[in-house]
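Swiss-Prot annotations:
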{"type": "BINDING", "residues": "7-9, 26-28, 33-38, 145-151", "note": "substrate binding site"}
{"type": "DOMAIN", "residues": "1-173", "note": "domain 'Macro'"}
């Protein structure tokens, strides 16, 4: 299910103060958050950037090893994007493009990355109170991924998200 929310993604708070919010974004395989929402996440959740970058370095920044995958990294309570009284947020990095892919390839990598993310969150849910909606399904908060720097029409990514049994809160301004 996709729910569109007009507002600031970074202002999202889960309904329960014991739940961990997950913010997802599409990112490159180069280990650099240099533009778009990634650059904002780097400022608001600085503790997550070395984890993302290290993950890319571990894979040799090789698109063939990263595209279509995801990595979920925890932030620290001291990060300026976290709010007192709520658990630190998790940042989900979806490896959807290396800037050399067609729109169709990016969409296919997005499908694989979302599938990997869902699997990772279900596993994480065994030990961490990941935010869930009223339906009991995992909630993932995100902007219109791929629609910015990667220039994929939103409708193509939206069709991928609709396939998954997850609640996606898509923030629009």
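Backbone N, Cα and C atoms are what each Cβ position is placed from, and that goes for glycine too.
Taking the features listed in Swiss-Prot, we show where each one sits on the structure.
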residue: 7; record: substrate binding site; Cβ contacts under 8 Å, 6 or more apart: 171, 173
residue: 26; record: substrate binding site; Cβ contacts under 8 Å, 6 or more apart: 94, 96, 97, 110, 113, 145, 146, 150
residue: 33; record: substrate binding site; Cβ contacts under 8 Å, 6 or more apart: 27, 39, 41, 42, 49, 52
residue: 36; record: substrate binding site; Cβ contacts under 8 Å, 6 or more apart: 25, 148, 149
residue: 151; record: substrate binding site; Cβ contacts under 8 Å, 6 or more apart: 103
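Note on the domain 'Macro' (1-173): its mean pLDDT in the predicted model is 95. By neighbour count, meaning other C-beta atoms within 10 Å, the densest spot among the binding-site residues 145, 148 is 145. According to DSSP, residue 36 (substrate binding site) is assigned to a helical segment. Following the DSSP three-state reduction, the secondary structure of residue 26 (substrate binding site) is strand.
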